[in-house]
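Engineer: OK, TrEMBL features for this one:
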- B:Lys80: active site, charge relay system (ACT_SITE)
- B:Ser155: active site, charge relay system (ACT_SITE)
- B:Ser179: active site, acyl-ester intermediate (ACT_SITE)
- B:25-471: domain 'Amidase' (DOMAIN)
Amino acid sequence: MTAAVLELDDALATYDPVLGLEVHVELNTKSKMFCGCPTEFGAPPNTQTCPVCLGLPGALPVVNAKAVESAIKIGLALNCEIAEWCRFARKNYFYPDMPKNFQTSQYDEPIAFNGWTEVVVDGETYRIEIERAHMEEDTGKSTHVGGATGRIHGASHSLVDYNRAGIPLIEIVTKTIEVPPAKAAAVARAYVSMLRDLLFALGVSDVRMDQGSLRCDANVSLKPHGSTVLGTRTETKNVNSFRSVERAVTYEITRQAAVLSSGGKVLQETRHWHEDTGITTSGREKSDADDYRYFPEPDLVPVAPSREWVEELRATLPEAPSVRRARLQEDWGFTDLEMRDVINGNALEPIVATIELGVTPAAAKKWWLGELARSANESGQDLDALGVGPAEVAEVQKLVDDGTLNDKLARQVFEGLLAGEGTPAEIIEKRGLALVSDDSALLEAIDRAIAANPDVVEKVNSGKPAAAGALIGAVMKDMRGQADAAKVRQLLNEKLGI
Amino acid sequence: MSDLTRKTAAELAELMTSGQASSVEITQAHLDRIGAVDGDVHAFLHVDTEGALAQAKAVDGKRAAGEQLSPLAGVPLALKDVLTQEGVPTTAGSKILEGWKPPYDSTVVKRLKAAGIVILGKTNMDEFAMGSSTENSAYGTTHNPWDLGRIPGGSGGGSSAAISAYEAPLAIGTDTGGSIRQPGAFTGTVGVKPTYGGTSRYGLIALASSLDTPGPCARTTLDAALLHEAIAGYDPMDSTSINQPVPAVVEAARNGDVSGLRIGVVKELGGEGYQPGVEARFHEAVELLTKLGAEVVEVSCPHFEYALPAYYLILPSEASSNLAKFDAMRYGLRVGDDGTNSAETVTSLTREAGFGAEVKRRIILGTHALSSGYYDAYYGQAQKVRTLIARDFAKAYEQVDVLVSPATPTTAFAIGDRIDDPIAMYKNDLCTIPSNLAGNAAASFPCGLADEDGLPVGFHVMAPVMRDDLLYKVGAALESALAEQWGGVLMTKAPELEVTR
């Protein structure tokens, strides 16, 4: 069922969007949050469980110190204060994929709070206030079987995999994000993308959105221009790519605007994002009356990180993203405009990785912002989901550098890579793309060009050597582009005696 | 050989060390005794005959091979059915866990096994330890061996009845508000609630996590101390476990010298509502300790009067959350799974059928107390009272080394007497609850029989955190002084049970 939506411009003409983002990060600790079970992704169902994460009677949790360390690092990287003393709480509700029927989480005493970070959109820097980052455990994973939609509605039965139950999670919650309305969705995307880079740099998570190790819930509400009263918000779940974040936020803005402008009321509810159709649908109705009966977890003792430890961890933090961006721009010699394109194209990390493999900054930028960005755009994918990574880019560039390919042929190799035709070598072989380096073949083509263009030869002979360019073009055409232009020029010049 | 079941654990250990008896013989003697009297007493929910004899045989084998063994190796024990033992049915007295065999050992069981202590079986208890009589067990009431028409106390009535019926020389209980000490008092036995965190809760099916404490039950102070030492100590699997050496409880139990010990009689724990015979025996015991050189003063703990209401907010709150895991999804009872009901309905039907009335009462109470809008008034206030009670203790311990009171206001009451009056039932624990709220160590020692009914009276001793040794010091002094009057421990005055097999 598709809801009525307004055009974004029409929506923003009347309403200001108000955003809040909750990002769940699965930590990459070797063991779970409260027990020693392994956390590896993709193991057969229910093989990574024990009495603790199955919630068996009598079992007790013990906090994973490494997870606390990661939480503190994340808090510090987001410029948060780190609690001197904080506790876990129980969030009580019944659900079959939650073994204890309460989630051990943090409630009013998060380990990190009052932080901020920055994102860059279209060259503008936006500050995003961080409310808190807190520790919690993941639930099991339910699979609903027998229904048409894979949702619980209409399913005949459900399967629960508790391998995920107890995986350490950090939930990062922003304060209300206030940016120019037209930028809201892009800022949301940039924020999640920035978080991914930050968490990757910290080394605390695999940050794979496709595997659910980075999950974003987007809270969206609208208020009429000039109003200070917040509208009713929806919480859109299951937004699993950067691009989806932007699309889901945009969709909710346009949907809510349609509801409001037709005199309706926005329901406070969770909504599900559908990647394929690009819409959200109504989930569970949620109200402030949801009562989780939080109370301090009596099975755990308070977490009280010493200030010395916090400072030790602070000293290990990688460079802040804005500082790093400035440093990289200088190192690479990019103009502000070039750097903005890199950031906007989400190409910073791939370019860094490509340069590390020995490619020049200019070449790395050329491929990532050219062929690859274009393809990502066309197919609606994130740049890092293309299946072509820094290693492939470096390999192709090496072939250009050693004269096997020219830029034009290289572009065709990328085309093959994106189509999944194999390695660069295989694609060159299959598509017959290598430059012809055999002089005799080139000389024959040169002879044909001279024979076919007596007027051009005339011009050259009459003292206009620049006219030879047309002959080079003809030779390249004859060779179907698979010739090194510099080599052709050299051979032609020799032939023409210039 | 005189009846092995009448021996203390220390005596049995000596018989084995000197080669006069084997663990198999001792274990068999107790299994026989269980067979003979448990039809009337109903202390056990499950007797693990095969497992116990196999354990006994293993210990005998090790002894024959000259291995170094723990002091209690080969001595049999009764285990409260609230602690998990791998492969052995564990119900916590509830229908909802009927047939469940845990896949893992609790830390207490691990340590018992490591010490070579033979586990005879699982003892009856009030459902999920909610109760003071075992009448809330889903599997029937345990009878007090002193008078089979009376309750043995609760929740750990099965454990205390087992040792006072000579079905086991030792038992494990768990104490959340008095569930070791009150049954100890009612059965004329020793019951010790160690310092919270002094014994591990791992594998203890939680009632109230911030209060539950496993501890020893025995017929003598020394036996209790030996068992205490075997199960106590830091456990990395329990975050609330205290990482300090176990107090020197055995040494204290062997040397009950109270001269110079400062003893505070808690003013608030006595008077109205206390049975005269209980008060008489208590005060005589205090006088006895004075004669033995203790300095006795009266101290006031003004906030103790709020302990009971605070306890009945904190306990149900934690319990309502702890018991949420019983949802029919992974283990235990499952009702209504006919292919048409949703998971939610099956959970609901199972909890309706599987939980008893008292459990439901406390789940409802706790759910309400934690609800938004009520949390501050109930749970929040109760936690403040808890702090005030802890301060009362701290202040008292500036003046004295230990505090004392009767263990219970009355002696054991008749089966059915209080089952319809929860408040009257809850008042059983007036004296014992403050120590749980403060996490202190406390114990009940037999101090005589009440004149009115000839039933045992318990002498309650409370000591600061990790000073469990002081409990044993007082208990040992009292025990040896009273033994001169009685010609042995109080248990020797218990009536003989009719052997029914």
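Including glycine, each Cβ sits where the backbone N, Cα and C put it.
Keep in mind the model is a prediction, meaning the values are calculated, not measured.
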Engineer: For a quick check of packing: other C-beta atoms within 10 Å of the C-beta of the residue listed as 'active site, acyl-ester intermediate', how many?
Structural biologist: 36
Engineer: Mean pLDDT over the domain 'Amidase' (B:25-471): what is the value?
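Structural biologist: Summarising the domain 'Amidase' (B:25-471) by its mean pLDDT gives 97.
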Engineer: Relative to the Cβ position of B:Ser155 (active site, charge relay system), how many further Cβ atoms are located within 10 Å?
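Structural biologist: Counting Cβ neighbours of B:Ser155 (active site, charge relay system) within 10 Å gives 34.
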Engineer: Through the lens of DSSP with three states only, how would you label the residue listed as 'active site, acyl-ester intermediate'?
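Structural biologist: In three-state terms, the residue listed as 'active site, acyl-ester intermediate' counts as coil.
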Engineer: Do me a favour and check the Cα-Cα span between B:Lys80 (active site, charge relay system) and B:Ser155 (active site, charge relay system); whole Å is fine.
Structural biologist: 9
Engineer: How long is the line from the C-alpha of B:Ser155 (active site, charge relay system) to the C-alpha of the residue listed as 'active site, acyl-ester intermediate', rounded to the nearest angstrom?
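Structural biologist: Spelling it out, the Cα of B:Ser155 (active site, charge relay system) and the Cα of the residue listed as 'active site, acyl-ester intermediate' are 5 Å apart.
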Engineer: Could you find out if DSSP has B:Lys80 (active site, charge relay system) as helix, strand or coil?
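Structural biologist: In three-state terms, B:Lys80 (active site, charge relay system) counts as strand.
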Engineer: State the count of C-beta atoms found within 10 angstroms of the C-beta of B:Lys80 (active site, charge relay system), not counting that atom itself.
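Structural biologist: Taking every protein chain into account, the count is 33.
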